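So the structure is just underneath, and the comments pick up after that.
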Amino acid sequence: MTQQFTVLTVDSSRENQQIYRRFLLDDLEQDYSIYEAVSAQDGLAHCQHMLPDVVLLNVSLPDQNGLQFLADLKAQCGVDLPPIIVVASHGDESLAVKAIKAGAQNYLALESMTPEQLRLAMLSALQVGHLRQQFSHSQFALKSTEDRLRLALESAHVGAWEWNLKSGELSWSENVAAVLGLSPEAFTKTFEGWLECIHPSDRDLVVQRFNQAIETRLVQGVVPKESQLSSRYRLVTPSGEVRWLHCKGRVEYDETGQPTRLVGITQDITDRKQIEQRLRQYVRERTQLLKQEQAAREEAEIENHSKDEFLAVVTHELRSPLNAILGWANLLRTRNLDLTASDRALETIERNAKAQSRLIEDLLDVSRIIRGKLHLARVVVNLHSTIETAVDAVRFSAEQKQIQIAAISAPQNSDKTAPSPVRVAGDPSRLQQVVLNLLTNAVKFTPNGGQVTVDVSALTEESMAQIMVSDTGIGISPKFLPHVFDRFRQSEDAEVGMGKGLGLGLAIVHQLVELHGGTVQVKSDGEGKGTTFTVKLPLVSAQ
């Protein structure tokens, strides 16, 4: 059964209240019970009688500034303050900062608020509220444990001891052995004997603290602060169990100001240490969960933004060649074009039809890959032939930009003069698509007069074939490098005179290479320093 959460909306606008209610009730994943307040006074009164899970607060209230209401509610609720989402009619960065500093969980601009934004903000607020509640319960449990332990120790005078500095005798109260889990024989009459029971790693510190206390002297009858002893250390029982102790004591002096004895108590704080450790672990885990939630939310927002951009680009990329086709087709229908103009019209129509066909094929490839419907016709493929065909396909585009394409093949045969075939098992058309996409990408992002190099070799020790496509182009920024192979993701540099595109080519390369059992990596030393893509595919043994 879905848990129901209470939401208090504090807003004087009936229209805004209806927006909140509609957005919240449209959320199919959560069940909200919504209460409305039209003023700050009304909202504070409601919270005094029933504390909601989340408060949705408009900063513009008729009787009080929204930030002042937040401060008053914080003072009224104390540690039980519910998560607060501040809403303003218009986005204001300075107001958002003030709201967050004042204790708000989130800030939304009403003019641009969408149901999805409100849903994410509510989800985050509910999670934070849950974590606050758990943390509060843990703190309460820890304090209760400490109070009970302190009461037991005070009432039973647990662990009382006395060290006579003149005789060197160390004496203990009768019930200390049972409390610390030691046998009576373990309590020797000397300080040196007691040190043998202390964890070896803590002995030097214990000796240092005791010596610091007993070496102090009275100054004009005043007991120095250094004479107060406080030390935490570990005790090792005969069974090997390690227990934490807190030793507190003070030095007593004779009439001449010389220390005569050290008296104090020892508390077993093992439970407290374990609770503190669990609490620290709990805080670390919850902090990590909050970071993961925030990262996931940011990634989801980026994904949604990328999809919106993708739809806009698809519309543009489909419309552009279609407009050219329709325009020239209409001109042809007039029968007013001479032979040269008619040839130009037909060439333009053919070129744009092919561009549109490639676009649609890329979209279909992505769809097939996502659905696992892309099938490979595996045969033995000579990568030299694949590369030659791909280079021929992009040569015209490269020549238009005066880009030199160099195809390098390392000799693999005995006479070191001609390259031996580098064979892999794969789908010829798909492997050609991989190389063609990489070369097209390199030519596209390389300025006029640049160079593109494609190199194929056999890494016999790794039993892998390697294809490297390098260019002297605009490079890739370190920030975008991890997202090169993501679908619909493109570097901002793609907008600077290079053409936008769909951002599918490299994603298809990555998927096709993986389907062939290979890997593809990208390296760039930064913007303006070129890019190198390295594809590795399993070699096929020479027959």
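Glycine too: its Cβ is placed from the backbone N, Cα and C atoms.
TrEMBL labels come from automatic prediction, so no person has curated them.
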The annotated coiled coil range in TrEMBL, which must be one of 272-303, 400-431: 272-303
Tally of residues which DSSP labels helix, strand or coil - the domain 'Response regulatory' (6-125): 58 helix, 28 strand, 34 coil
Average model confidence [pLDDT] within the domain 'Histidine kinase' (313-541): 82
